[in-house]
Amino acid sequence: LQVLLIFAKEDNQSDGFWWACDRAGYRCNIARTPESALECFLDKHQEIIVIDHRNSRYFDAEDICRSIRATKPSEHTVILAVVPRTSADQEETSVLPLLNAGFDRQFMENSSITACYNELVQIEHGEVRSQFKLRACNAVFTALDHCQEAIEITSEDHVIQYVNPAFERMMGYHKGELIGKELTELPKSDKNCVDLLDTINTFIKKGKEWQGVYYARRKSGDSIQQHVKITPVIGQGGKIRHFVSLKRLNCTNENNKQLYKSHRDEKYTGENSQPESHSFKGKNRRKDSIDVKSITSQSSDAPSLQTRRYSSMARIHSMTIEAPITKVINIINAAQENSPITVAEALDRVLEILRTTELYSPQLGTKDEDPHTSDLVGGLMTDGLRRLSGNEYVFSKNMNLSHSHLSVPNTINDVPPCIAQLLDNEESWDFNIFELEAVTNKRPLVYLGLKVFARFGVSEFLNCSEATLRAWLQVIEANYHSSNSYHNSTHAADVLHATAFFLGKEKVKGSLDHLDEVAALIAATIHDVDHPGRTNSFLCNAGSELAVLYNDTAVLESHHTALAFQLTIKDSKCNIFKNLDRNHYRTLRQAIIDMVLATEMTKHFEHVNKFVNSINKPMASEETSSHNEGSDCDCTASIKNFPDNQTLIKRMMIKCADVANPCRPLELCIEWAGRISEEYFAQTDEEKRQGLPVVMPVFDRNTCSIPKSQISFIDYFITDMFDAWDAFAHLPVLMQHLANNYKHWKTLDELKCKSLRLPSENNN
C-alpha cells in the first residue's frame, strides 16, 4: 500500500503519519507543494492521500484535492483531510465542504502515532479494499465484453442491467435498446412449453440455479434455441440481488446453425482477425492436427529448427498409445465431432476431468469447512508434510524377530470353558470382542483365529498342521502392541471376525474361491501387525526409519505385510506356507498384500468408486433385466469369470471390516470410539512435545468433541462405502446399527456433549 502525505511544513502531525506508515508497512512519500504533490501522485498512484487542511497560509487543501480528483487514477484513491482540533465550546463544522471538494474522510488533528496508525489501518480495511474490488470490476467487465458466451445480468426485479457484445450479436439488439427494460417487455418465442417460465421462476426465486434449453426471439422475429444457465446472486441482507444468465446457441436447427456460422465468420474476418493461415481454428478444432510451419514466426532465421519441430509434432500425432484411458479419450473426441455444441462442450469438461491424476478423490464442498472432517481427511488420507526432521520416531518396543520363547497355546478343543462358551457365538455380528479380550488376558486373536480358521478349512488348504497354525497365530499376536489403545490384537481379532462374517454371506461366498477366503482371513489377521499407534502422516513428518524405507508411501501398510511374511518364513515351526507349491504361494501372497494395502486410506475413494462402477451398477442392471424377463439372475457366476472383480470385492470386504466399528452394537461402537480417540489424543500430545506438525488439531484431549469426530467419520468415509457393500452383500443388521449409532452421536452433539455418553448414562 502506498501513502502520499501533503504537508507544507514538517511537524508532529506529519511525523505521526510518517511513523504510522512505517509501523503498518506502507510505502510513504511526502510532498511540500501542490505541484510536487500532483506530480508525485501521477507517478506513484498512491491508494491513500493525507492532506494538511489545518492552515491555508501555505496552500489551499481543497484546491489540491480538486486537482487530484480531476485526474483519472484518483477514482480509486482515498483522500483524507487533517483538520484542526475544535475546543469544547466551539461548534463542530460540517463535513459537506470537504466532501464536495473530493475528500473521503476527515481526521481531527492528533499527532499520536497510534491514532494515525489506527486511522490508516481502518481506511485500508474499509475504503481501500472496496476500491480494490471496484478496480477488479473493470477487469471483470472487460472479460465479459470479450467473452464468446452471451451474458445478461438483471436486477432482482428482472430489469436488464448489463448485456455483453456476444448477447447483442446473438439477439440482434443494441445494448441501449435493452438496458433498463424489464424482461417482460421483450417479445417471447411461442415455441417454449406453457409452464417453462413458471418452472424457471420457481427455481431461481429459491436461490437455485436453473439450466436447460429455451427458445428466445431475436429482434428480427426469428426464434433461436439456446442452452441457458441462470444463476441467482445473493447480495446484501442475504437476499437475491441479481440474476446472471449465460446463453449459448443450441446448434440443432438451421436458424441456429446459420447464426452460429455468421458469429464465427465475424470472429475470424473482423479487423483484428488472424491471417488466412490461422483459419484452421474455425474448422475442425478437435480432430485436425496443427501445421506447425503455419504458426511459426515468418521471420525466423532457423528453418532447420522449424523442420525438427514439425517432424516431432508429426511423430506425436502418429503415435498409437493403447492405454485404456487414451482409448476412452479418443472415443469421446470422435463423439464430439457430430454432437450439438452443448454436448460437445459438456464432453470437453469430461475430458478435463479424465486428464486429472486424482480421478477418485472427491472435491470437498461444505464438508471441508468442518474442522473435524478436514482433520480426519488430512490425517488419514495424506502422508504428512514430507518435511525433513531431526526427530526420528522410534517404536515403543524394540522388535526383534525372534519368537522361540513363545509357548504353544492349547488347541481349540482344549480351551477353557469360559472362552469356549464365548466362541460359540462368534458367527453372530453382535459377538462381543471385548469380553473375549478380557477372558484371554488380551490375547483374543489366537483363540478367535483357531476357531475361525478351523471353520473355513485354512489348515487343509495350506496343507499345514494345526500346531503350525497355532504357532503362527501366536507369533503374529505377540507382534501387536498391547500398549496401543486401539491398534492392538483386539482390533485385529475384530477385523478377522468381521471378515469371517462377510465371507459367510451368500453373495460374497458365491463370488470368491477358497484361495480368496484364505487370503482374506490371513490379511485380516496381519493387517496392522507391529502398528506403532501413530498415523502414516506422523511417521513421515517425524522422518521415521519406516517412512524413509517406504518413501513416505503406504508406510505402515507396507510394513505390516513385509513384517508378517518375515515372521512367517523365518521359522519352520510357524511357516504356514511351507507346504504350498510356488505358484499357489505367489498367488496367495499377492492377494494378501493387495488386501492389506487396500486398508491404506489415501485410495479409499478409488476403491469405493471402482466397486460401485464395476460391481454394484452392473449387478443392478443384470437384476433389472432378469426381473423384466422373468428369469433368475446369477450375478455371482459372472463375477467369478472376472478376477479383477474378485479383487475389488476382497478389497472392499477388508476395508469395511477394518472400519466396521460404527456398524457394531452401540456399546461396542462407543468403546471403539473411545479407544481410537485416545490413540489420536496421544499422537497429538507427542507431536506437540516433539515440535512436529499437528496432523489432526481437533484431536486435542482438552477440547475435542468425540461425537463430532464420529459424525464426520461416518458422513465422510462410512455411509457411502457401507451403502455400496450392503447393496452387494445384504447386511440389514449392520445398517440398522449404523443408523442407531449415528443417531446417538447426533444427540450428544446437539446437546453440546463432547464425551462418549450423556452424564446420566455414565452414572448408570
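Cβ coordinates are placed from backbone N, Cα and C, and glycine is handled just like the others.
Summarising the annotation, TrEMBL assigns active site, proton donor to His487. TrEMBL lists His487, Asn488, Ser489, Thr490, His491, Asp528, Asp658, Gln710 with the feature AMP binding site. Summarising the annotation, TrEMBL assigns Zn(2+) 1 binding site to His491, His527, Asp528, Asp658. Residues or ranges marked as Zn(2+) 2 binding site by TrEMBL: Asp528. Summarising the annotation, TrEMBL assigns compositional bias 'Polar residues' to 294-308. Marked as domain 'PAS' by TrEMBL: 143-186. Under the heading domain 'PDEase', TrEMBL lists 411-752. What TrEMBL lists as region 'Disordered' is 257-308.
Features per TrEMBL, on structure.
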residue : record                    : Cβ contacts under 8 Å, 6 or more apart
His487  : active site, proton donor : Tyr480, His481, Asp528, His531, Pro532, Gly533, Glu679
Asn488  : AMP binding site          : Lys442, Tyr480, His481, Ser482, His531
Ser489  : AMP binding site          : Lys442, Arg443, Pro444, Leu445, Glu477, Tyr480, Ser482
Thr490  : AMP binding site          : Ile433, Phe434, Glu437, Lys442, Pro444, Leu445
His491  : AMP binding site          : Asp528
His527  : Zn(2+) 1 binding site     : Ala492, Val495, Glu557, His560, Met595, Val596, Thr599, Ile654, Asp658
Gln710  : AMP binding site          : Pro662, Ala673, Asn741, Trp745
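Summarised by DSSP class, the composition of the domain 'PAS' (143-186) is 17 helix, 12 strand, 15 coil. Neighbour count (other Cβ atoms within 10 Å of the Cβ, all protein chains): 24 for Asp528 (AMP binding site). Residues His487, Ala492, Val495, Ala524, His531, Thr599 surround the recorded Zn(2+) 1 site, their Cβ atoms falling within 8 Å of the Cβ centroid of His491, His527, Asp528, Asp658, which are themselves excluded. Across the residues annotated as binding AMP (His487, Asn488, Ser489, Thr490, His491, Asp528, Asp658, Gln710), the widest Cα-Cα separation comes to 22 Å.
Packing around Asp658 (AMP binding site) is summarised by its Cβ count: 22 other Cβ atoms lie within 10 angstroms of its Cβ, all protein chains included.
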